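Features as listed in Swiss-Prot:
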DOMAIN    10-207  domain 'tr-type G'
BINDING   19-26, 81-85, 136-139  GTP binding site
BINDING   T26  Mg(2+) binding site
REGION    60-64  region 'G2'
REGION    81-84  region 'G3'
REGION    136-139  region 'G4'
Amino acid sequence: MAKEKFDRSLPHVNVGTIGHVDHGKTTLTAALTRVCSEVFGSAAVEFDKIDSAPEEKARGITINTAHVEYKSLIRHYAHVDCPGHADYVKNMITGAAQMDGAILVCSAADGPMPQTREHILLSRQVGVPYIVVFLNKADLVDDAELLELVEMEVRDLLSTYDFPGDDTPIIIGSARMALEGKDDNEMGTTAVRKLVETLDSYIPEPVRVTDKPFLMPIEDVFSISGRGTVVTGRIERGIVKVQDPLEIVGLRDTTVTTCTGVEMFRKLLDEGRAGENCGVLLRGTKRDDVERGQVLVKPGSVKPHTQFEAEIYVLSKEEGGRHTPFFKGYRPQFYFRTTDVTGSCELPEGVEMVMPGDNVKVSVTLIKPIAMEDGLRFAIREGGRTVGAGVVAKIIA
């Protein structure tokens, strides 16, 4: 069968299901694909297919994630669902599946549970910008007051972690009913349709990566006689044009330069765009002024920092991580984009040590500055071996 052409006419949005184990995340994921296939003509995916999610690797960490897609009238959605709680933690911290918005699934019969809270906290830490709530299993709750109570609890919990709890859309329904094609009291297919319409209206269209300010991590530096210095790398975001002023940020003092040429596959171009591997020719920059690990950016868009708070996941022994816990003052290397920088960790109050397999908030101080922003992902390494992953939650200095 020939591969279908990817439809670029609809804007593309990344979402995912989060919430406590057995509250119905995977059932809702399957129901979304079913309802959208009937209403908007995308393909349905069976529950079992999603539940036996394949393994994938992100930053040296194995994660089980199921990716499905569905369409609404106005958008194409890529949706990620994880089978286990540990997979969620790893997924969100490594950014393996970046989400423009999350669907928090909470059982109306049980109300918020420990992982409900933890997933909301993680969403805040890793910068998931929007959450929509689906109160699931509402067909099992006869008491309208109980539904109201659970709704209030969920709103309070969202507000606790700085999400707009009072204004968050909450859809009440039954994913199982929708998956079976039923719709008693509009709790099945109607509720799931309403959820899709809510995703359309509540989660804004993400800024396209080419519209963001230019940033390219420097992987290599060459000097070409008679032409000057060329830095190569994969453009992370934005566009660079010939004659653009640029800054080189990180590891040393920030320097200013100008792009005098863009090269890809030995051809000269007028511009380089996000996602492309290219060489950027720099005017007035010496070969020794630049090194791998710095970034080339639009002036003023990114600053170098050495101190930050991060949410980290520490690999378990089985995943090839450490065999022993670490304590405050732990000094591994932090691998940002293209280079390692040594840093020391302070643990939160009341936390004596961090065990392999844990996730925890730490404060990090690096020995050299790195170009960083909230949401930047990194790996934690010891002598080149990955022992953890993290995300910058808040810059301190």
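Note: Cβ is positioned from N, Cα and C throughout, glycine not excepted.
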Between the residue listed as 'Mg(2+) binding site' and A138 (GTP binding site): CA-CA distance (Å): 16
Cβ-Cβ neighbours of H85 (GTP binding site) (radius 10 Å): 14
Contact set, same chain, for the region 'G4' (136-139): CB under 8 Å, 6 or more residues outside the stretch: 23-24, 27-28, 105-109, 147, 172-177, 184-185, 187, 191
Cα proximity to the residue listed as 'Mg(2+) binding site', best match among binding-site residues G19, C82, H85: C82
DSSP residue counts for the region 'G3' (81-84), split into helix, strand and coil: 0 helix, 1 strand, 3 coil
K25 (GTP binding site) - helix vs strand vs coil (DSSP): helix
Tally of residues which DSSP labels helix, strand or coil - the region 'G2' (60-64): 0 helix, 4 strand, 1 coil
